[in-house]
Amino acid sequence: MSTADALDDENTFKILVATDIHLGFMEKDAVRGNDTFVTLDEILRLARGNEVDFILLGGDLFHENKPSRKTLHTCLELLRKYCMGDRPVQFEILSDQSVNFGFSKFPWVNYQDGNLNISIPVFSIHGNHDDPTGADALCALDILSCAGFVNHFGRSMSVEKIDISPVLLQKGSTKIALYGLGSIPDERLYRMFVNKKVTMLRPKEDENSWFNLFVIHQNRSKHGSTNFIPEQFLDDFIDLVIWGHEHECKIAPTKNEQQLFYISQPGSSVVTSLSPGEAVKKHVGLLRIKGRKMNMQKIPLHTVRQFFMEDIVLANHPDIFNPDNPKVTQAIQSFCLEKIEEMLENAERERLGNSRQPEKPLVRLRVDYSGGFEPFSVLRFSQKFVDRVANPKDIIHFFRHREQKEKTGEEINFGKLITKPSEGTTLRVEDLVKQYFQTAEKNVQLSLLTERGMGEAVQEFVDKEEKDAIEELVKYQLEKTQRFLKERHIDALEDKIDEEVRRFRESRQKNTNEEDDEVREAMTRARALRSQSEESASAFSADDLMSIDLAEQMANDSDDSISAATNKGRGRGRGRRGGRGQNSASRGGSQRGRDTGLETSTRSRNSKTAVSASRNMSIIDAFKSTRQQPSRNVTTKNYSEVIEVDESDEEEDVFPTTSKTDQRWSSTSSSKIMSQSQVSKGVDFESSEDDDDDPFMNTSSLRRNRR
């Protein structure tokens, strides 16, 4: 594409391409907290200065799945500052926007909204950091989309089949088919490609007249047999692929000789890990497209914090370092000090004339101390550079290469993976879980749960703060195994049950689709549980709080009028009774007061424990419960089980006193001969101190306690 063609704006699309901005990364750090916001400001300023038609983002606009208010506020502030205005948009949308943006409440491009004044549209897919989660499957990009600042596209609504429908753009005689695919777990997407479940739809008319641009956010480098997306999986009619997620900047388009399309990897806009791939200079791209021709102009970012990295191997310097020398540690420190000073001098030299670049650089010196050397204290050494570098705590990284042993089986060298990360990537949580169980001894292997399910549950817990993910996965797989055993009618022998559990687990592992369904169902349960807890937490209104305060005040008045006794007894005589002759009720149930039609709901701190213990029984207990008929002995046993869970010696210290009302009831009832079931129920009454905290205690009960 010639220079004259590139400057012909009438028929030329000008697109600013960026990816992996990671807004909010280390926002609480005193030195690096504003780095991502400053870089986004520079990117948007470049877009406005070059008068681009639109901005194209390749995912991970946010670093956290639930960005902070500061991060969201700053992002909206910058988008409003640079992307709104009176400059007209020169291209039009030809495709059905209800299909392209069908998951949005406003299924049309933002610059065509009559209530908004957009001068630079932003099109973005979601990445693995800011992907949709929760019961409603929302992400931070949906907030920006609802506010009218970002056009979120490339979202797949199905986990079984993906149809990628392009956004069709036209400017003059140039037509672009913009395809997008937001981040999907690599193994799942790999399997869908293999099973031909991914389809890229093409325009029906004049297929060859469209420039096909595809934006994807997946692993490009190989992390495992299926934990990446090979370039050969993509359709060969594509002209250019914008590949997000990989942080090393390889923005110059490279040709895939097999598929004959070009791939541009813009890389991250900020340093998020001290790895070799991040040390490459950061750029964004100004993509010009006219007809079927393109040109990618690299634009360096001047506000990115400098990052210098160097490796040294102590064993390669036998003339300087001798592990038998008692002063070898001092020699190593002096050598490292010299290397770091050299990197700081290079940083100062490169920063000359660029006042927009942060003053303190990132420095990482990796030291291989193989060969009998010992590492020194990094914390003490780094004190010398606190005021000169942005990362003094991890300025030096010690590692060593272990000798390769004869492999008796498949083993994972974690030291090699950690000390030599591949091209700017880091290990993922689910990979570590899988690798751990692959190399673990037999006695610590999972026998009921699956490694893949546990890996994804841990990932949801760590990356997306789904606190119930692990618990719900365990419950779901346990329930499914219990149902399987009940349907098989196996004898209640431990050996046979273990064998059936092992066979059932192996069959599930072979059926990957079934395992996917299990994980999805467990994650859906966890998200629904979180949504319910959030709704219940916000259900109390001001009137509820006032009623709680009133109940507490009345209960406090009752306690003040009745002197407390020093009796520490438990069981009979403890808790609210509401008068003599009242029927006892088990904890967590309801009790009916004398001469009243009102039911008072009773609560206990231990009620949840009792219910949970009875519900989450073991496999053998669950199996036995279906084989035995209920009897009186079974009922008595159930009471003893609840007592065993609820009772604890610590309760005596928590509730050391009882009121005179309790003593009066106790003295009256002690003369009676109580049955075993009555004794079991007696321990379930709440103490008077629980009344102070119970906002649902009715007024009649409070009055009886006063009398």
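Every residue gets a Cβ built from N, Cα and C, even glycine.
Not measured: the values here are computed from a predicted model.
Per Swiss-Prot, the feature compositional bias 'Basic residues' maps to 569-579.
Long-range C-beta contacts of Lys339 (ubiquitin cross-link), restricted to its own chain and to partners at least six residues apart, with a cutoff below 8 Å, comprise Glu310, Ile312, Leu365. The ubiquitin cross-link annotation in Swiss-Prot covers Lys339 (among others).
In the three-state DSSP scheme, Lys384 (SUMO cross-link) is classed as helix. Under a cutoff of 8 A between CB atoms, and with a sequence separation of 6+ in the same chain, the neighbours of Lys384 (SUMO cross-link) are Leu337. According to Swiss-Prot, the SUMO cross-link annotation covers Lys384 (among others), on the basis of similarity to another entry.
Annotated SUMO cross-link per Swiss-Prot: Lys467 (among others), in sequence order, evidence recorded as similarity to another entry. In three-state terms derived from DSSP, Lys467 (SUMO cross-link) belongs to neither a helical nor a strand segment and is classed as coil.
Residues annotated as ubiquitin cross-link in Swiss-Prot, with similarity to another entry given as evidence: Lys480 (among others). DSSP classifies Lys480 (ubiquitin cross-link) as helix under the three-state reduction. Around Lys480 (ubiquitin cross-link), the same-chain residues six or more apart in sequence whose CB sits under 8 Å from its CB are Glu518, listed in sequence order.
The N-acetylserine annotation in Swiss-Prot covers Ser2 and is backed by similarity to another entry.
Summarising the annotation, Swiss-Prot assigns phosphoserine to Ser275 (among others) and lists similarity to another entry as the type of evidence.
Summarising the annotation, Swiss-Prot assigns asymmetric dimethylarginine to Arg570 (among others).
Residues or ranges marked as asymmetric dimethylarginine in Swiss-Prot (evidence: similarity to another entry): Arg576 (among others).
Summarising the annotation, Swiss-Prot assigns asymmetric dimethylarginine to Arg580 (among others) and lists similarity to another entry as the type of evidence.
Feature annotation from Swiss-Prot assigns asymmetric dimethylarginine to Arg587 (among others); the stated evidence is similarity to another entry.
The phosphoserine annotation in Swiss-Prot covers Ser618 (among others).
Look at Swiss-Prot and you will find Ser640 (among others) tagged as phosphoserine, backed by similarity to another entry.
As annotated by Swiss-Prot, phosphoserine applies to Ser648 (among others).
Taken from Swiss-Prot, the feature N6-lactoyllysine covers Lys672.
Swiss-Prot lists Ser677 (among others) with the feature phosphoserine.
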Translate the DSSP assignment of Ser275 (phosphoserine) into the three-state scheme.
coil
At the Cα level, what's the spacing in Å between Ser275 (phosphoserine) and Lys467 (SUMO cross-link), rounded?
30
With every protein chain in view, what's the tally of Cβ atoms within 10 Å of the Cβ of Lys467 (SUMO cross-link), excluding that atom itself?
14
